[in-house]
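**Q** The structure follows.
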């Protein structure tokens with residue numbers, strides 16, 4: 001079968017723009033997410049909060065679980081592969097998954113190489129903390145980006161930091177002349193043509209979602225107002241007191257992110273949010289966002 005072009009894969013990712021993608025660990029959770037208005041679900045055995053709490057090596061989910069979730073919903077299904085583990089990605093593609101997340105939430109399989117995403121028919125999403133990381137992933141074939149944030153914490157501070165870093169660097173690029181763009185591209189180890197494209201268009205060449213620590217409707221709206229194209233919500237929904245209601249509220253806040261009255265209304269009576277973690281109290285070797293390069 002012919003491989004889809006990168007442009008086609010970017011177009012598929014564009015279809016998710018403005019939406020919410022939710023982590024789910026059972027077919028029932030996937031149905032709740034779809035009914036709440038999620039544009040896609042991420043099939044996982046453990047949400048990031050449980051991966052963080054339980055430790056050990058986190059790998060690709062069991063294909064049986066992924067297929068059960070795929071059969072339960074009509075919206076696209078994503079699944080995670082370890083950084084650099086191209087065979088996990090091959091397995092996910094064989095299962096008929098719609099998108100693959102080469103994810104720092106799982107334990108990296110290769111500490112020197114990311115997956116060559118151009119070799120696959122289906123789109124990849126990758127995390128980034130800044131513009132350089134994002135453009136390096138795009139050069140490898142990523143069709144969609146997301147902030148890394150700090151998954152499983154219920155603390156949005158790192159996602160905000162990463163989103164602000166990306167968009168402030170884009171604004172800075174627009175003030176540079178050609179010589180400065182060459183130097184900048186060399187310094188961030190990204191292709192000059194991609195850097196020039198971003199400087200001219202004032203935006204990333206692919207959609208960029210927020211992820212990591214989003215727990216409330218206001219969190220989702222905050223990232224949307226900062227300029228992201230949509231949000232991933234992991235532990236924040238199904239680790240809360242009323243997952244179905246919180247899921248609907250986060251979808252509404254993502255859609256109406258510039259309307260505080262609506263965000264206020266949907267935020268009422270949601271029950272207890274997930275218990276958060278202060279980033280500064282996480283041991284350095286347990287931080288996930290630093291995985292990848």
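The backbone N, Cα and C atoms fix where each Cβ goes, glycine too.
Quantities reported herein were computed from a predicted structural model and do not represent experimental measurements.
If you look up Swiss-Prot, you'll see 80 marked as active site, schiff-base intermediate with D-ribose 5-phosphate. Marked as D-ribose 5-phosphate binding site by Swiss-Prot: 23, 152, 213, 234, 235. Residues annotated as D-glyceraldehyde 3-phosphate binding site in Swiss-Prot: 164.
Could you tell me the structural context for the features on the list?
**A** According to its DSSP assignment, residue 80 (active site, schiff-base intermediate with D-ribose 5-phosphate) is in a strand.
Packing around residue 164 (D-glyceraldehyde 3-phosphate binding site) is summarised by its Cβ count: 14 other Cβ atoms lie within 10 angstroms of its Cβ, all protein chains included. Annotation note: residue 164 (D-glyceraldehyde 3-phosphate binding site) sits in a helical segment as assigned by DSSP.
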**Q** Three states by DSSP: which one describes residue 23 (D-ribose 5-phosphate binding site)?
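**A** Strand, per DSSP.
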**Q** To the nearest Å, how far is the Cα of residue 164 (D-glyceraldehyde 3-phosphate binding site) from the Cα of residue 235 (D-ribose 5-phosphate binding site)?
**A** 23
**Q** Using C-alpha atoms only, work out the spacing between residue 23 (D-ribose 5-phosphate binding site) and residue 80 (active site, schiff-base intermediate with D-ribose 5-phosphate) and round it to an integer in Å.
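**A** Spelling it out, the Cα of residue 23 (D-ribose 5-phosphate binding site) and the Cα of residue 80 (active site, schiff-base intermediate with D-ribose 5-phosphate) are 10 Å apart.
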**Q** For residue 80 (active site, schiff-base intermediate with D-ribose 5-phosphate), identify the closest of the binding-site residues 213, 234, 235, judging by Cα separation.
**A** 234
